[in-house]
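Worksheet for the structure shown next.
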Amino acid sequence: MADSGLDKKSTKCPDCSSASQKDVLCVCSSKTRVPPVLVVEMSQTSSIGSAESLISLERKKEKNINRDITSRKDLPSRTSNVERKASQQQWGRGNFTEGKVPHIRIENGAAIEEIYTFGRILGKGSFGIVIEATDKETETKWAIKKVNKEKAGSSAVKLLEREVNILKSVKHEHIIHLEQVFETPKKMYLVMELCEDGELKEILDRKGHFSENETRWIIQSLASAIAYLHNNDIVHRDLKLENIMVKSSLIDDNNEINLNIKVTDFGLAVKKQSRSEAMLQATCGTPIYMAPEVISAHDYSQQCDIWSIGVVMYMLLRGEPPFLASSEEKLFELIRKGELHFENAVWNSISDCAKSVLKQLMKVDPAHRITAKELLDNQWLTGNKLSSVRPTNVLEMMKEWKNNPESVEENTTEEKNKPSTEEKLKSYQPWGNVPDANYTSDEEEEKQSTAYEKQFPATSKDNFDMCSSSFTSSKLLPAEIKGEMEKTPVTPSQGTATKYPAKSGALSRTKKKL
């Protein structure tokens, strides 16, 4: 094309009669094997929406100058790499830290064949196909998902666009990486990292089931990915074994397999527009993985993903789903009940801690399920019993009590067995016989305490007892007991009780009855 055409709104090529628009790079299809490139869009990971940018006019002029001084025989080889230079040199994998994913619009799919060599088919869908492809220049292998937009229809195309936007916005070691996107009027090509070991479900089918250690590694990676998504207000909504790909695997010294997994298929994923938009309504997902609140058509939150993690974990350990039925209606009934069973012999080798995690993941009430962040901190994953963060508010304490009543009972038993300060005081005998000049009998003290309570009622008997015991002198106490009393924090109830000054000298000697 003539250089003067760059300064006009549009012009026609004398060889192919194709029109080019201002600020849009076009390559003559009659002179090269590459269809015209229309628009290059750039997307930032800091935003779900994609920011579009056109190739600058200065760069086009520079390319035209280079093209003019180049011989005719060299023209095809240079122009055939226009997309490659734009995507790989400026926005390639090496520059991924800048958070840019190129979205290149082209006339047809021939341009992609100039960049990639297509290989085996990795998977098929109702209106799409996934093919292994090798970059001709770098020899890097990728998985290209090709979707026929015409067959998919408008609703499916919207889901595809949402999936693309979400993949452009995320970056996590256990979430599939989107390298770039090519789009024609009829098709869309997603170039993603290749997971050569295939789906996690295929590996499970071959093994039968995983050991507890093997499952722990997988769940830790999965929980990390889901915690990242939830922290960014993204709900996957279709977690299942088929949507967990295996990038690579490693056999350790114990002959156990360690899998590097990637969460994929964000077709049903949704990003909440704000923190206040906590609940979702649409019923979606795969039945055996669906949470009770989803199948009941109730409002639900990101906790539906937690239930799905529980189903995945159960299947990894057992080799089959936690709920099986002859019909979908009966299946949903079992899911609503949420009763887990561990009668099979395979569970004999599984620790109680792992079973406890399953129960916490698959609580019927989503409010009582642990979160992805709490799962990451669970001692079953960390191996550290002290790693779990203690609850900081009443709701969290109530949830912990519901999830781990045994541990709460153990803590309560320990506290009961631990001698209290009052018991130490009772057993303590001071050196020698030190007479108390103001000594009064127990009956007299009881009468005085009752009279005081009537005159100055406290909020509870416990508060009154705390108030009374707080007046006990520590002058004659041994250092151990004295230090313990000084370290004891003053609770709000104690503060309330001490508002009322003692009007009787005998009150200062009142003891808490044991």
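Glycine is treated like the rest: Cβ placed from N, Cα and C.
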Listed in Swiss-Prot for the ATP site shared with Leu122, Gly123, Lys124, Gly125, Ser126, Phe127, Gly128, Ile129, Val130, one of Lys136, Lys141, Lys145: Lys145
DSSP output for Ser126 (ATP binding site) maps to coil
Using a Cβ cut-off under 8 Å and a sequence separation of 6 or more, which residues in the same chain sit near Lys124 (ATP binding site)? Val130
